[in-house]
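A.B. asks: First the structure, which I've put down as structure tokens, then a few questions once you've had a look.
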Amino acid sequence: MTKASVAIVGSGNISTDLLYKLQRSEWLEPRWMIGIDPESEGLARARTMGLETSAEGVGWLLNQPEKPDLVFEATSAHVHRDSAPRYEAAGIRAVDLTPAAVGPAVVPPANLREHLGAPNVNMITCGGQATIPIVYAVSRVVDVPYAEIVASVASVSAGPGTRANIDEFTKTTSRGIETIGGAQRGKAIIILNPADPPMIMRDTIFCAIPEDADRAAITDSIHRVVADIQQYVPGYRLLNEPQFDDPSVVSGGQATVTTFVEVEGAGDFLPPYAGNLDIMTAAATKVGEEIAQKLLSVEA
């Protein structure tokens, strides 16, 4: 079966976990991993898996006689902003796992098919991938004037990049709650949980809804979205049934539905408690596979 060729730019933990997922894909063939540290564990693992590797950066990749069909980049926002126009000029589709947001933001259950033709798509944030689908599930049934999410992740799973970009995380996720989730106004909060042993990712999604909303339809919509996510993140699950509350002073006089989810990672390279990182690499793989299917069908 023909597969789309893939390069991974970045050789850190997320890139390495992504590599394991891509190796299992029926549609994607990882061929290259590019970094800047010749001693990185990611490059070493990639070499043992038969990939061509380089520590000379994106310039090396673009100078190769054969170019990948897709590139997955997990570096930093400023690096991807510099590289994105070079990928597009070379005819390489890009899946961006940084906060750069050069291309449209994508959440697979909500809006992936709208952007399969985009030269560059952005994976938003881990909190966004875990919670925006739930807001979307509610908003496709009723109007959602306000949605708020709280993402709690193991402190040890949050690297220096995450810690340095907490404000960017909240702003990007809040924007996604509105533009993709469908809420009129969105808010995001992230909590770094210092518990030891580490806790897996847990998220609370609060949506304001009309008082006369069809609660059964909302619950059904949430369950269908959860099933969609479980196709690529098996460890994604509801902690209990969605909880509905009548209007009260606490909720600003609005009825609400609150959903609790947890995300356990697959344990490919990252530990299972790092579901916040796992959902990013799993969602990116899903996006890449859908893009590859479209590319290969056009070529056929």
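Quick reminder: no glycine exception, Cβ is built from N, Cα and C everywhere.
If you look up Swiss-Prot, you'll see CYS126 marked as active site, acyl-thioester intermediate, on the strength of sequence analysis. According to Swiss-Prot, the NAD(+) binding site annotation covers SER11, GLY12, ASN13, ILE14, SER157, ALA158, GLY159, PRO160, GLY161, THR162, ARG163, ALA164, ASN165, ASN276, on the basis of sequence analysis.
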A.B. asks: How far is it from SER11 (NAD(+) binding site) to the residue listed as 'active site, acyl-thioester intermediate', counting Cα to Cα, in Å?
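C.D. replies: Between the Cα atoms of SER11 (NAD(+) binding site) and the residue listed as 'active site, acyl-thioester intermediate', the distance comes to 19 Å.
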A.B. asks: Long-range same-chain neighbours of ARG163 (NAD(+) binding site), Cβ under 8 Å, sequence gap at least 6?
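C.D. replies: In sequence order, the residues whose Cβ lies under 8 Å from that of ARG163 (NAD(+) binding site) (at least 6 apart) are LEU192.
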A.B. asks: SER11, ASN13, SER157, ASN165: which of these binding-site residues has the highest Cβ count within 10 Å of its own Cβ?
C.D. replies: SER11
A.B. asks: Neighbour count, 10 Å Cβ-Cβ cut-off, for CYS126 (active site, acyl-thioester intermediate): what number do you get?
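C.D. replies: Cβ-Cβ neighbours of CYS126 (active site, acyl-thioester intermediate) within 10 Å number 30.
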A.B. asks: In whole Å, note down how far the CA of CYS126 (active site, acyl-thioester intermediate) lies from the CA of ASN165 (NAD(+) binding site).
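C.D. replies: The Cα atom of ASN165 (NAD(+) binding site) is 13 Å away from the Cα atom of CYS126 (active site, acyl-thioester intermediate).
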A.B. asks: Pop the Cα-Cα gap between CYS126 (active site, acyl-thioester intermediate) and ASN13 (NAD(+) binding site) into the table, whole Å please.
C.D. replies: 14
A.B. asks: Between SER157 (NAD(+) binding site) and CYS126 (active site, acyl-thioester intermediate), how many Å separate their Cα atoms?
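C.D. replies: Just about 12 Å between their Cα atoms.
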